Amino acid sequence: DRGDRQPLVRSASSSYRTFPEGAASRLDEEYLRSLHNKRLFLAVFAAVLGNFSFGFALVYPSPVIPVLEVHPSPALRLDQHTAPWFGSVFMLGAAAGGLSTMLLNDYLGRKLSIMFSALPSALGYALLAGAQGLWMLLLGRVLTGYAGGVTSASIPVYISEISHPGVRGMLGACPQIMAVLGSLVLYALGKYLRLVLDWRWLAVAGEVPVFAMILLLCFMPNSPRFLLSQGKEEEALGSLCWLRGEDTDYDREYEQIKDSMRKQSHRVSCAELKDPFLYKPILIAGGMRFLQQLSGVTCILVYLQPIFKKTSVILKPEYDAALVGLVRLSAVAIAAVSMDKAGRKILLFVSAAVMLISNLTMGLYIYFVPTSHNSSVANMSLVSSANLPAEPTNYITLIPLLATMFFIMGYAMGWGPITWLLMSEILPLKARGVASGLCVVVSWLTAFTLTQFFLLAVVGTVQGVSSSPSQPQLTAAFCPTLQKAFGLEVPFLFFAVISAGNILFTGCFVPETKGRSLEQIEAFFRTGRRSFLR
């Protein structure tokens, strides 16, 4: 009976403010063990279908650009000027999506914001499928990027707010897992369906997860915390009951959330931004998103094939994406399993250390191994073995391959999924909608800018390695003087320095949130008492 549980609720709410290592902690553990997670998992699955669509759309140009470069219609044919924009304009759309989510998250709510993203996503795929000119291709990419920006800011917040501390780390890694799966599915469809179907059907296939997400989310509840922020207490209680199970002590968790809501106003004012309770978590979350992109992951993923050509990796191009996707998927799965056991910070430390060593190795390899040696090895690998005498394999070309794989593995097990999870955990409820959108804007604008600068180092360095007409000759679009200003080793050494900075940033500023409720994390920033997070 709910009335019989009210004394327990008040007692828990009182002890919640200090978190002694006593009866309240044991009650929390018993409560977490009693929860039913099936409906929670279903709600998370419905939401992360948006991340699946995001991963699908992000790498859509990979199999499509080679086809459009030789398209018989001049209106659709891509050249050295338009091909790069077909890929990179997606990031500008994602930044715009994050910007709009600063308002959508608070006015529509987390769930409705995710559902809203289906509209530009479906329209974008429709434009790509029925494109009759370049403007339709670019607009389709912008719209799918915009939808990706909205989901990037809304889905982690939704998952964090409906999850409980026992599984929040594992579920927080699901967006990354589904994004990688979406990319792998796109690569598979691009490789096999393109043999029997027109390239337009890839865009049609992208509509499937969008409509599945809309259908499932219609039956899922909104975030209890968002409903409480709107004054809808009965709906919030019903939502928490649905997520936790009717036969659980969900009333106690509800009172804890409600108690935290009473301590803050519903909207953030400019004057309140001077309060450390607000600006500290916002700066930490934004800083992590900024450093995540500065570590070079987007550049390496976008220009993986030119990098492998420059460093003479003897690997067929069609296997590049599959190998990268499998490594990312395995690493994110490891992070999902260990995040709630090992903790967030230890994984961030290990992740940054692996990225540091990998980037340093790549930079030194490119600097010390002459380009002429790379070119000769690469050219020999393109000639039929029947025309060459048998020679021992040059195993030194395994160094850049292994370094790249370890970098991707390090990123995917820490700084990939955990930055998104921590963003949704540490941001205070009253600023969570606005600040999460701001973090997405910072992330994708940084990615776009860094990718354009990285292009200066990549293009021109692979011209002596590959002369394939299917590869866009991007050099003409940029100043040759800038290309000669630095080699490919400089960006990787820069990424290594940033990775070292990631280690320092994690140790100095990032709190450990493993096993703590969102209200406990807010209390930590409000009071500065570290006992809340011990």
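These residue numbers are counts, starting from 1, taken along the chain as shown.
Cβ atoms are placed via backbone N, Cα and C, with glycine included.
As annotated by TrEMBL, transmembrane segment applies to 40-62, 82-104, 116-137, 171-189, 201-220, 290-308, 346-368, 395-422, 434-459, 490-510. The annotation domain 'Major facilitator superfamily (MFS) profile' is assigned in TrEMBL to 43-514.
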* Structure fact -> For the transmembrane segment (171-189), the candidate among 116-137, 201-220, 346-368 having the most Cβ pairs under 8 Å is 201-220
* Structure fact -> Stretch winning on C-beta pairs under 8 A with the transmembrane segment (82-104) (pool: 40-62, 201-220, 290-308, 434-459, 490-510) is 434-459
* To do: Kindly say whether the transmembrane segment (490-510) and the transmembrane segment (201-220) touch, using the definition of 3 or more Cβ pairs under 8 Å where each pair is 6 or more positions apart.
  => no
* Taking the transmembrane segment (434-459) as the reference, which of 201-220, 290-308, 395-422 gives the largest number of Cβ pairs under 8 angstroms? -> 290-308
* Structure fact -> Ranking 40-62, 201-220, 290-308, 395-422 by Cβ pairs under 8 Å to the transmembrane segment (116-137) puts first 201-220
* Structure fact -> Averaging the pLDDT values of the domain 'Major facilitator superfamily (MFS) profile' (43-514) gives 80
